[in-house]
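Peer 1: Starting off with a structure, shown below.
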Amino acid sequence: MARFIFITGGVVSSLGKGLMAASLAALLQARGYRVRIRKFDPYLNVDPGTMSPYQHGEVYVTDDGAETDLDLGHYERFTGVAARQSDNVTSGRIYQGIIAKERRGDYLGATVQVVPHVTDAIKDFARAETDDLDFVLCEIGGTVGDIESLPFIEAIRQLKNEVGRDNAISVHVTLVPYIAAAGELKTKPTQHSVRELASLGVQPDILLCRCEKPLPDSERAKIALFCNVRKEAVIPALDADSIYSVPVQYHGEGLDSEVLRAFGILDAPAPDLTAWYDIMDRKQHPEGEVTIGVVGKYVSLPDAYKSLNEALVHGGMAHRVKVNIRWLDAEMFERDEDLVANLEPLHGILVPGGFGERGSEGKIASVRFARERNVPFFGICLGMQMACIEAARNTSGIANASSTEFGPTDEPVVGLITEWMSAEGLQKRGANTDLGGTMRLGAYDAKLSPNSHVASVYGTNEISERHRHRYEVNGAYRERLEKGGLVFSGMSPDGMLPEIVERPDHPWFIGVQFHPELKSKPFDPHPLFAGFIEAAVKQSRLV
């Protein structure tokens, strides 16, 4: 039977519960335990797929096509366990399912209520597919005291009673703020947060206290006294210089040992943290550095490109170099700001995924700069589409080339995908289809051209990558684009959908329709990012 670890947050949001869950799971995994992490999101959206990146940050896509919270990216990067649809649920999805059952008459005339119907659905989600696991970590989004999270808190209260106190514990993440004027850390917010959680029937077993200054032993004792936990269960969590040092830091503070003790496990094997020490060494002791420009639409909020940021860091780790990222708003190149001055110092240019016309001409201008100046270029999703439009206009003589996403065009080099094959069979979409959950989502296979650059990067001719798009490069333009030097080096297995383009006459110019950043991990950098950074290192010696 799996044991459950419920992770809540108090005082303020953005305390890093997701990172804490990922780190704890990694520590348990390092001791030989089988783990899985799940996220409960209290918002009423069915999933984050239609939410603005400025509201939510990145949408993380799983192999099975789920659009999920960005925390699942942390979970997967830290544990190597592929996330799936059953690992993320929202209030909206739960209510959608319950209302559908009510309309079908499944409840046989009963009054449908938050308790038991909503709470039972939450518990079913937590317990699903856990027979082969040792630990299931469940992170509850939001902050204790929020109205939206009350059904989730009630559900974990019930679940703790149902599985037994020896099989479920609660870890509460709080803030211990430092008041500079007083020169003190203040524990009162933590006390009040724990009191609020306890009033809902959940007594924390362990407190993880986020703080910017070391937590004195006297303050740990004070928190333990007023929050009804052992002093050893009050774990300080100082700000870290890198997220990749957090697992080792938490182990040093005794988090994993205290969790095991709470379960009565006193003979657990010692953790093997060799891989984490190696990652820390590569991150903290680089042997060089490169500067990568990311020309995007949502650059004012880096969380919108969270996996991309981390994948670039992983590429740097592979070659022991520090990757400096310059976030460049594509729109500034449409306002006649100096393109050369902004792009010339860069060792590589990356155009990431996105939606809509805004900033598209700036991205196309960046692609042209990279092509003409022989600067390593990496285009992802929309970035590949921009590379194809740039090629059509400037090397294939198709002056009016554009995307139907941006409006009517006589030369639709990029257009809406209307049909494709998925694991569920033939998928069909139209211009009036609902936006939510209707894109080409999840893992799809692709075949690479033998002897192509991208095949040498991967070391194979067959790959599987995750997608999230509803527009695709129009295969009818392939011949003209290839005559202009842009080669289609990766296609869907049926040969219908372009997946990868490259320029053989360029030092490193690759565009991909998928999102390789979603599969990159610190101990297993994605080959495309490792290759891109390697090319940037070579470029840095030329600048």
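Numbering starts at 1 and runs along the chain as it is shown here.
Placed from the backbone N, Cα and C atoms, the Cβ positions cover glycine too.
Feature list, courtesy of Swiss-Prot:
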| type | residues | note |
| --- | --- | --- |
| REGION | 1-265 | region 'Amidoligase domain' |
| BINDING | SER13, ASP146, ILE147, GLU148, LYS186, THR187, LYS188, PRO189, THR190, GLN191, LYS222 | CTP binding site |
| BINDING | SER14, LEU15, GLY16, LYS17, GLY18, LEU19, ASP71 | ATP binding site |
| BINDING | TYR54, GLY354, LEU382, GLY383, MET384, GLN385, GLU405, ARG470 | L-glutamine binding site |
| DOMAIN | 291-542 | domain 'Glutamine amidotransferase type-1' |
| ACT_SITE | CYS381 | active site, nucleophile |
| ACT_SITE | HIS515 | active site |
| ACT_SITE | GLU517 | active site |
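Show me how these features fit into the shown structure, please.
Peer 2: On the 0 to 100 pLDDT scale, the region 'Amidoligase domain' (1-265) averages 95 in this prediction.
Long-range neighbours of THR190 (CTP binding site) (same chain, six or more residues apart, CB within less than 8 Å of its CB): GLY10, VAL11, THR174, LEU175, VAL176, LEU207, CYS209, ILE223, CYS227.
The Cβ neighbour count for GLY18 (ATP binding site), using a 10 Å radius over every protein chain in view, is 24.
For GLY383 (L-glutamine binding site), applying a Cβ distance below 8 Å and a minimum sequence separation of six or more within one chain yields LEU350, VAL351, PRO352, GLY353, LYS363, VAL367, GLY511.
Neighbours of CYS381 (active site, nucleophile), defined as other CB atoms within 10 A of its CB across all chains, total 23.
According to DSSP, HIS515 (active site) sits in a coil region rather than a helix or strand. HIS515 (active site): 24 other CB atoms within 10 A of its CB, across all protein chains.
For GLU517 (active site), the same-chain residues lying six or more positions away in sequence with a CB closer than 8 A to its CB are SER307, LEU308, GLU310, ALA311, ILE380, HIS526, PHE529.
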Peer 1: Just to verify: the residue among ASP71, GLU405 with the fewest other Cβ atoms within 10 Å, which of the binding-site residues is it?
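Peer 2: Output over binding-site residues ASP71, GLU405: least Cβ neighbours within 10 Å is GLU405.
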Peer 1: LYS222 (CTP binding site) has how many other Cβ neighbours within 10 Å of its own Cβ?
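Peer 2: Other Cβ atoms within 10 Å of LYS222 (CTP binding site): 17.
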Peer 1: How many Å separate the Cα atoms of ASP71 (ATP binding site) and SER13 (CTP binding site)?
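Peer 2: The Cα atom of ASP71 (ATP binding site) is 14 Å away from the Cα atom of SER13 (CTP binding site).
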Peer 1: Pick from LEU15, MET384: which of these binding-site residues has the biggest number of other Cβ atoms within 10 Å of its Cβ?
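Peer 2: Result for the most crowded candidate: MET384.
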Peer 1: Return the residues near GLY16 (ATP binding site), defined as same-chain residues 6+ apart in sequence whose C-beta is under 8 angstroms from its C-beta, sorted by sequence, else 'none'.
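Peer 2: Those within reach of GLY16 (ATP binding site), by Cβ under 8 Å and sequence separation of 6 or more, are VAL173, ARG210, ALA237.
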